[in-house]
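What follows is a set of notes on a single structure, which appears directly below.
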RNA sequence: GCCUGGAUGGCGGAACUGGUAGACGCAAGGGACUUAAAAUCCCUCGGUCGAAAGGCUGUGCGGGUUCGAUUCCCGCUCCAGGCACCA
């Protein structure tokens, strides 16, 4: 029996316990059933779940439960992306240990997720900060090192001298340290890199073989990899034996080069300036560059500037001499770290030449136009015929690209070349809370990996964090003092940790056998479960995380550990949950509960100062524009919270949070509850009707038809992840039943009533599992609802008796006619031409054309 | 700056392959029930003209293709995400 009122908190706890003790969501490899691996991006354990998590995991849970009802053996795991900077920041702020802080957060977040009733197999839970997890990451790192997939090189980091610490890009605000506010400089450090560029071509090729991914994501990845074809051209240097290799996509314009520009870090810059009058200026420029932020955004928005090195380069085709500059718009990591400047045919070069008064010779003349160096307002980047280009003059510029590259190759001064924008993946972090890099530096033997039997290299738990945010590992002798595994002499352990993207690049494999102690994963388990059938997570991960995971899978494939290259067959990128930010002058970003919105101007509850309302942005802990779902859980329960998240917007769309509307979802559940109450007595004794529609009449017929139509619609909508419209469809069904009752056409047939309530329970069970289970049980339904089969619909029960045809005249709606469902085209046309509303607009005009869309619309064209 | 998306009533959204724009829900207004309130139920609800019937207009802006465009094409504007050390 159902209680008179819907009491979510009681019901939810009861069924969660019941499912838990029955092990309903535990899964094992089962060859009898088709497998389905559903994965949601695991969370960083920040302490509290936020609406973004609730949304992401609700979407995943609905799909997991739906697939299970459709007969799949569903793997649906959850865990924690537990290493990362916030733990260190919190540790400094609250004087706790990152580990203690992290594990506490995991405990409280696990509780919250459990309250939401997600169908996870909690036996598979993992946390990346445990030695059981990261030892396999270290093991893999060493294998990659042995295969040459890992190397070291010098590169720059943001460094704050007063704090003596490396800063993340996020920790640099307008070129200054977030902690002390002083200017940040670029410091060179030796760092570890993964050779992801080895796979650039393969990662690119497979972007077109991922039909289950949104095209926008593969497009973004293609652009990120950024393949370009062109040529490497070697310019000579006056007075020197060596030369400068430039990469260009426009070898056809080589004779139009009026300068060569090097990246500031290019090794030749100081060498070329040495001993000439430009030396001091070059030095000043490099000093300035060392203070400039190195994010792509900063580089590309900064004004193009450069400095003459005092040396000249020799054009290998024209033999001309051009000045060599160093410039802030040339990236050392891309191409060769040097470009040739062709102002007439490249806008960036045009701007640079304008600033430094460099000539801009025209070498490509477009058809029907005459470019003139003196009067050009912008670069010409289109096609044309080569001029002033030695023996290549008169040639079509596209043909010349190959011709010039071939010519250069013959002269040993260049060749055709491909370049990728993608750079190798730098993974060294000068931080504490991460996976220790399992390497030892020995003065005698060089770099030696930690022997496998010594893994894991554990993070020392007694390390006290430094107030400035620096890693304690570098000054913790008990950690770094080791003996060399090769020669036994004193050596130093690597004190850097890995980028946390490394952990998330293979966790999906570990879920298949999370407790495996002898290997990174159990190969049979991985062979059964992988690849992930459906991966769900925020769009913000469209490039980096997903690309790194694809790369890791390739590395493992090359190692022979897995036999597939792509980890995720289908991808759903959900939109972000956004909210406006609130800032107080004194206290910075404020949580919504720290703002008093009751006055005309919002007030900071800490100091009483007015609060300024900022842009609507992705909810994030650092911006504090987060909504705490526990408030909703306490008030409405998990089912209403889940229902609202799905109903508010389709998954791929961003969701601007508003508190209103949750009430409506709660109201809907209460409405369904009352519907169940109304029919429970008759339905409990009945068997669900499963006969022909034709055998029913009146309200029974309408309700039965509407129920089947709804079953069909909901299945179709869930299949394409349109949960909001699926829910709307059930709302319409419920409304129709109530409306029929109002009209005196209430359900008479007990079997139809039972079929209705059962169908609603089954259809809504992935969304509101506790609620539907309670009603199901009240009808006398046995067992766990999540284990039942998805309802089927009868084709004969979908048939309407009549159709509504819209009548347009010249594309404007003029009338509607109702016709028998089997009306043929001729009778539809005749009815439309006779429709009163249409006739008025046809008077005195000639009917030129009649377009009939069968069963839907007639458009009469008159003139 | 570059790459990728998005924009529809007061609000969230719907319209699946070009075919009734605004389903479903929120908010608002009116009514019923109630001593009253809550809950519930019913009605109205893009703008504009009109007493009504009905007309005109309307999917960020400007063009185009089409019998017909929220949907396709071209050119913009604004917003969001990513840009390699936030995750």
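Using N, Cα and C of the backbone, Cβ positions are placed for all residues, glycine too.
TrEMBL has this to say about the protein:
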DOMAIN    A:42-183  domain 'Methionyl/Leucyl tRNA synthetase'
MOTIF     A:43-53  motif ''HIGH' region'
DOMAIN    A:222-408  domain 'Leucyl-tRNA synthetase editing'
DOMAIN    A:422-580  domain 'Aminoacyl-tRNA synthetase class Ia'
DOMAIN    A:617-658  domain 'Aminoacyl-tRNA synthetase class Ia'
MOTIF     A:618-622  motif ''KMSKS' region'
BINDING   A:621  ATP binding site
DOMAIN    A:700-826  domain 'Methionyl/Valyl/Leucyl/Isoleucyl-tRNA synthetase anticodon-binding'
Exercise. What else in the chain is close to the motif ''HIGH' region' (A:43-53), if you only count residues 6 or more beyond its ends and a Cβ gap under 8 Å?
Worked result: 80-82, 84, 86, 102, 104-106, 108-109, 112-113, 127, 538, 576-577, 618-619, 621, 626-630, 645, 655, 657
Problem set entry | Those residues of the chain, 6+ apart, with a Cβ under 8 Å from that of the residue listed as 'ATP binding site' | A:46, A:50, A:86
Exercise. So which residues does the domain 'Aminoacyl-tRNA synthetase class Ia' (A:617-658) touch in its own chain, when a touch means Cβ under 8 Å and the partner is 6 or more beyond its ends?
Worked result: 8-9, 11-12, 46, 48-55, 58-59, 61-62, 86, 112, 115-117, 170, 214, 536, 539-540, 572-582, 589-593, 664-666, 668-669, 721-725, 727-728, 767-771
Problem set entry | Stretch of maximal Cβ-Cβ contact with the domain 'Aminoacyl-tRNA synthetase class Ia' (A:422-580) [cut-off: under 8 Å; candidates A:42-183, A:222-408, A:700-826] | A:42-183
Exercise. For the motif ''HIGH' region' (A:43-53), DSSP counts of helix, strand and coil?
Worked result: 3 helix, 0 strand, 8 coil
For this session: Give, as a single whole number between 0 and 100, the mean pLDDT over the domain 'Aminoacyl-tRNA synthetase class Ia' (A:617-658).
Result: 88
Seminar exercise, completed: Residues in the domain 'Methionyl/Leucyl tRNA synthetase' (A:42-183) per DSSP class, helix first, strand next, coil last, are 69 helix, 26 strand, 47 coil
